[in-house]
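Taken from Swiss-Prot, the feature transmembrane segment applies to 19-39, 53-73, 91-111, 139-159, 164-184, 195-213, 227-247, 257-277, 281-301, 304-324, 352-372, 373-393.
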Amino acid sequence: MSESVRTNTSIWSKGMLSVIVAQFLSAFGDNALLFATLALLKAQFYPDWSQPVLQMVFVGAYILFAPFVGQIADSFAKGRVMMVANGLKLAGAAGICLGINPFVGYTLVGIGAAAYSPAKYGILGELTTGDKLVKANGLMEASTIAAILLGSVAGGVLADWHVIAALVACALAYAGAVAANLFIPKLVAARPGQSWRLSAMTRSFFSACVVLWRNGETRFSLVGTGLFWGAGVTLRFLLVLWVPVALGITDNATPTYLNAMVAVGIVVGAGAAAKLVTLETVSRCMPAGILIGVVVAIFSLQHALLPAYALLLLIGMLGGFFVVPLNALLQERGKKSVGAGNAIAVQNLGENSAMLLMLGLYSLAVLVGVPAVAIGIGFGVLFALAIAALWIWQRRQASY
């Protein structure tokens, strides 16, 4: 690794900008592909409950590969790991375009995403340090949410025009991400020379889980981010079901517009968190987490587009302010104890286990016929109570 790469820790360095561009294109593809594939399922007359199952196979890949992807991220240059992972996403999207079963293709994309995540967040701690890491996380989240905004809308709008065209656009986005990864500096592997025996890797991963869980700060971060992303992915699918019921709109584009409002809000909230919250004042984000659940419950009762847009914007702002400091806290503390790649892999296991549980409960509620509005209200109330309980628990732990 060159000396310039070692010393340039600016969040506007060439390496950081390359990471952000690659992340934008990869996240654009992820979000466009979700809505394009949902449109494909609708066009092929799959039942409503199968929609969250699509995300569950994606999440299942994260959980299955969780013991291995952190070590992969720490054993090789993270930029190259990101490139290979985006190549897997490209293969999955291209496969769906060519007619393979959408659940199979989406699973392949999930495997790529599982390998990609520890590398994309772990590399931030190698390109910058300290409180700049909070700002770098804010920049990463802003880039991601901008991609969610544009990707979700593009996926829905293109799918209303032509489903295959939407799928091709996703494949092209992944191809662009692969190209952008080539411009990321080749950093020295964080932890080379580890054992590649599956039993040793599994033991190492679960040892990292134990280390992070026993630390009060990282445990707090793991639970908070798990609850947030589990709720976030469930809200996405709830919107697809809620829009026709509450608003009487049946196209593919409207749920993507509503999801985009959440994305805009998260950009604002992430920026506010970068300015107002440090690693020493992370608990400032907790009231925002409680308010997310309250606003979701209020949102579920709406029957007009304008207040729905406004409330989803507010949900996004609260979400960005809540999750960015928790991510930065885990990366900083995890880098020092188990390595950034392993820390993010453990975080992914927690987040995706929460997603799988929440999506499973949501699918069950849809299958047994619970109305969409009732699901939304119950979901919001339970989320607010869960974050309040986490905050109380964290304060008690800190007082010991």
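Cβ atoms are placed via backbone N, Cα and C, with glycine included.
Through the fold, the transmembrane segment (53-73) approaches residues 34, 37-38, 41, 81, 102-103, 106-107, 109-111, 113-115, 117-119, 122, 190-191, 194, 198, 201-202, 204-206, 208, 233, 236-237, 339-346, 348-349, 351-353, 355-356, 359-360, 363 of its own chain, all at least 6 residues removed from its boundaries and within a Cβ separation under 8 Å.
Long-range contacts of the transmembrane segment (352-372) within the same chain: residues 48-49, 52-53, 55-56, 59-60, 62-63, 66, 226-227, 229-231, 233-234, 237-238, 241-242, 245-246, 300, 379, each at least 6 residues beyond the stretch ends and with a Cβ under 8 Å from a Cβ of the stretch. Under 8 Å from some Cβ of the transmembrane segment (373-393) lie the Cβ atoms of residues 220, 223-224, 227, 231, 234-235, 238, 241-242, 245-246, 283, 286, 289-301, 362, 365-366, all in the same chain and six or more residues away from its ends.
Tallying C-beta pairs under 8 angstroms between the transmembrane segment (164-184) and each of 19-39, 91-111, 257-277, 304-324 places 19-39 first. Between the transmembrane segment (304-324) and the stretches 19-39, 91-111, 139-159, 227-247, 257-277, it is 257-277 that has the most C-beta pairs under 8 angstroms. It is 139-159 that, among the stretches 139-159, 227-247, 257-277, 281-301, forms the most Cβ pairs under 8 Å with the transmembrane segment (19-39).
Using a cut-off of 8 Å between Cβ atoms, the transmembrane segment (227-247) and the transmembrane segment (91-111) share fewer than three residue pairs, counting only pairs 6 or more apart in sequence.
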